[in-house]
Amino acid sequence: MSAVAQPLERRVVAHPSALKVQAQVTVPTPRAAAPATVAARPRTPPPAWLVQVIAWALGLAVFVGLWAFIAKFGRIPDPASVFKEAVVLFSDPFYRKGPNDQGIGWNVLTSLGRVAIGFGAAALVGIPLGFIIGRFKFLADMAAPIIALLKPVSPLAWLPIGLLLFKAANPAAIYVIFICSLWPMIVNTAVGVRQIPQDYLNVARVLNLSEWKVFTKILFPAVLPYMLTGVRLSIGVAWLVIVAAEMLTGGVGIGFWVWDEWNNLKVDHILIAIFTIGIVGLVLEQALIFIAKRVSHGVNA
């Protein structure tokens, strides 16, 4: 009788001491990571306008300090006395006590009126002339020696010619403003026209555009920044010239007012006039910069 072999089950029984040792073995848990340090945020810089205001304030403080230091030597009035006198002057700037005795406000307005007429006439002549000179090389070559000859002439050298032509002080002063304001507008406008790429003009020629179309569609938008720069320079020249011209022509105007105060030995009034002239010139320039930005934005839109 054959016997079938049965597989034997082998049971391994762990010894109680081994279980005890296994129970005592603990798996080490990973150490908690140290909290990451948060990087310090960079300081936000102050606004640009605040930095500019602080710079202006420091500049003015240094200027007033130097002025006060120089005033100690007795040559010029100190800032405090000039400020007090300015308060008195501008408390009634538009008084009238005679044809040549008027407040500082009337004198400034009279000078601005002359500047407006002379500068406006120069713009009406200078800007178109600059376009023509820049557009045609032969005309540019013709005008170059004339501009080079007359541009450096001092404004006061033109005043006797104005008096000879007009026989009166007021139109002579306007004439001087006109002549001296002319050159920056002519030169800058002509330079702007010459900076236009020739390819633009070649395309206009291929399309058979009229000269008016070339001006309105190509020349004017491209030349506008140069033209406005010339206008801004010219208004500064005009305001500078009228003060010098009025000192010699007399009558009413901020230039004559300065000369009259010198004859009366009122140095504090002269300093007030100097600051007034500077502030008015700054306002005129900033106004033209604002207009130039708006016009340029409108053309490029």
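The backbone N, Cα and C atoms fix where each Cβ goes, and this holds for glycine too.
As annotated by TrEMBL, transmembrane segment applies to 49-70, 115-134, 146-166, 172-193, 237-258, 270-292. If you look up TrEMBL, you'll see 108-292 marked as domain 'ABC transmembrane type-1'.
Same-chain residues lying 6 or more positions outside the transmembrane segment (49-70) and placing a CB less than 8 Å from one of its CB atoms are 76, 78-79. 172-193 is the stretch from 146-166, 172-193, 237-258, 270-292 with the greatest number of Cβ pairs below 8 Å to the transmembrane segment (115-134).
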